[in-house]
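Below: one structure, written as structure tokens.
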Amino acid sequence: MKGHFIVLEGIDGCGKSTQISHISKWLPQSGLMPKNANLYITREPGGTTLGKSLRDLLLHEHETNVPAPLTELLLYAADRAEHIHSLIQPKLDKGDWVISDRFSGSTLAYQGFGRGLDINLIRRLDAIARQGLVPEITIFLKISVLTSMRRRAKKSADRMEAEGEGFLKKVASGFSRIANEEHWITIEGEQDQALVSDEIKLAITNKLKNYISNN
């Protein structure tokens, strides 16, 4: 049996990292995973050795060496193609489970709605990079731009996070639209962390029980 692929999406500060940590402790004990399956946690960009170099280039390079928007898009597509080829697909083929902090939705939200690049172009490039792979579950942690800025106020910002409120509003609007169009599971990320975690666990349980029973 092939493994399952779960993705968490949302603007910066929505709590993805915290919730992925909670899920990674819960899932192996949940009864959903086969006993012989392993759980792998990864992220985009940066889920592979090559991806780590691309992450530094995309998010942490000096301001005098900033890639053009189209270059940025192509680098994210390259990161995803390598990520799927080297890590995600091999693990799924073995029956293991994978949780990723960001996937295709982030590219649409940040490069499409945030940067203003052509959405159809992004979808075509993403389809090439994904080679047919689609997550069984994508969970969108929805928070306001003000909450995002408040939560990140005392943290050092990467290049994308430092784009400012106007950019973030476009990205947040993009995420909401994509979540609706793609039928993601939307969870209110403004709640207490424990409540968010409980809702995620319930959503995963319901979704995978239905998926497993139909396959």
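Cβ coordinates are placed from backbone N, Cα and C, and glycine is handled just like the others.
The annotation ATP binding site is assigned in Swiss-Prot to GLY10, ILE11, ASP12, GLY13, CYS14, GLY15, LYS16, SER17.
Taking the centre of the Cβ atoms of GLY10, ILE11, ASP12, GLY13, CYS14, GLY15, LYS16, SER17 as the ATP site, the nearby residues of that chain (Cβ within 8 Å, site residues left out) are LEU141, ILE143, SER148, ARG151, GLY189. Here the Cβ of GLY15 (ATP binding site) has 22 other Cβ atoms within 10 Å, regardless of which shown protein chain they belong to.
According to DSSP, SER17 (ATP binding site) is assigned to a helical segment.
Taking a C-beta cut-off of under 8 Å and a sequence gap of six or more, LYS16 (ATP binding site) has these contacts in its own chain: LEU8, GLU9, GLY10, ASP101, ARG102, LEU141. Of all the Cβ atoms in the protein chains shown, 20 others lie within 10 Å of the Cβ of ASP12 (ATP binding site). Between the binding-site residues ILE11, CYS14, ILE11 has the most other Cβ atoms inside 10 Å of its own Cβ, all protein chains included. Here the binding-site residues are GLY10, GLY13, and the one with the most other Cβ atoms within 10 Å of its Cβ is GLY10. Counting every protein chain shown, 12 other Cβ atoms lie within 10 Å of the Cβ of SER17 (ATP binding site). In the three-state DSSP scheme, ILE11 (ATP binding site) falls into the coil class.
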